[in-house]
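Colleague: So Swiss-Prot lists these for the protein:
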MOD_RES   150  phosphoserine
REGION    7-31  region 'Interaction with Gp41'
REGION    8-43  region 'Interaction with host CALM1'
REGION    12-19  region 'Interaction with host AP3D1'
REGION    73-77  region 'Interaction with membrane phosphatidylinositol 4,5-bisphosphate'
REGION    191-228  region 'Interaction with host PPIA/CYPA and NUP153'
REGION    219-226  region 'PPIA/CYPA-binding loop'
REGION    279-365  region 'Dimerization/Multimerization of capsid protein p24'
MOTIF     16-22  motif 'Nuclear export signal'
MOTIF     26-32  motif 'Nuclear localization signal'
MOTIF     456-459  motif 'PTAP/PSAP motif'
ZN_FING   389-406  zinc finger
ZN_FING   410-427  zinc finger
């Protein structure tokens, strides 16, 4: 530990703590960063003592420089730390890591005598105009050469498929990553997809269908002269029966070039669009705003579904103008209708910015509470018809009994006598509905007795009614006799043998038994 601390001593250690990790940042370098750099040097087979001098730091930078473009984050951090330590040994005052890297870069260029510059780690730049950059086919010395796709491009494509799972973003992402690719490179991208093999099979079927259509539209011409390049077939465009050199020659031959890469990309885009519809079954007609959903979130979902729809631009424009307002919730729809005909999206987002949020809900609740607490206005005619308040204690109008200053009336309020209350007053007259309200007469009165000598106007009773009642009584008696138990009948028979008189109806029961069993029974 002591040897590692001896890398920077005294003034150099103080200067190290003044250097910022990032431009305009708050964090600064500490001795722990030097200790970490010494530990990392062991991984590269470099001695820790190299950090103690300016020449040693230069040797470290020469070793690390070729590894920086493709190195890990730890390697880049080690390179930055060594640059700062080199500046401290060279007594160069720097404010942050970026300045230290620039100074170290200038020194290495001057020492090697070349005009090459170290790659900028934190700020990657775009390739100069006129050069291929990341394109698989590049021109060198008048000839077209093939450069394989970088692992970074393939990794970006695989991450796009895994994260979006064939969402609407996959199609434009594939277009951007496969720009300028040959069928060989595009097949590499498709082969890197491990999951979602069902979607890959759909894409293969689309490729086979498009290749068959290409062969039908471009028949094979007659025999070609020796050495002449043949025209591509559907399988050649798909990259199964053609080589990379043939694909490049078809793409850049003069005259009559055939862009096999763009044709193959178009076929795969058709397959990807079908996969997008399969993995996103939500129809744009079903995208509706929830009662508590913000209008901005609803617009995002609407345009995401609209992006997955593979329809004509005119149809998409109609969907935007019609369905966007039609499927909004009632609160936003009320606001949008007040904007007039064909409002812009910016106007709609601005108008519905607070609709559906907590502030709008609180405002509506406050208005509803205010309306509930506000008394309803009484019409003038109804106010004129309302009777004045009358005091039941003194009988005057204009105040109630609670506000009356007169002495409280004693005794019964009905008759004025003491010893009972109005509820028990004998002078009150009540019907079956009780006493009348507020000392008034009851709502019904006992029926008065009819005066003597009046002749009823109802017709006399019909004699057939009496005859019907008589028949009903006889039938009732017969049913009772039939329902008598056998025990009672035998008791009546014993009474007859003993000379006693049985109850009524017993003789008839015995006659029935004689008719069944005869006289000997």
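Glycine residues also receive a Cβ, built from the backbone N, Cα and C atoms like all the rest.
What does the local environment look like for each feature on the list?
Modeller: All protein chains shown were included, and the count of other CB atoms within 10 Å of the CB of residue 150 (phosphoserine) stands at 12.
In the predicted model, the region 'Interaction with Gp41' (7-31) has a mean pLDDT of 83.
Counting only same-chain residues 6+ beyond the ends of the region 'Interaction with host CALM1' (8-43), those with a CB under 8 A from a CB of the stretch are 1, 50-51, 60, 74, 78, 81-82, 84-85, 88-89, 93-98, 100.
The list of residues near the region 'Interaction with host PPIA/CYPA and NUP153' (191-228) in space but at least 6 beyond its ends in sequence, with Cβ under 8 angstroms from a Cβ of it, reads 154, 157-158, 161-162, 165-166, 234-235, 237-238, 263-264, 267-268, 270-272, 274-275, 278-279.
Beyond its flanks by at least six residues, the zinc finger (389-406) meets 413 of its own chain at Cβ-Cβ distances under 8 Å.
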Colleague: In three-state terms from DSSP, label residue 150 (phosphoserine) for me.
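Modeller: In three-state terms, residue 150 (phosphoserine) counts as coil.
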Colleague: In the zinc finger (389-406), how many residues does DSSP assign to helix, to strand and to coil?
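Modeller: Going by DSSP assignments, the zinc finger (389-406) contains 0 helix, 2 strand, 16 coil.
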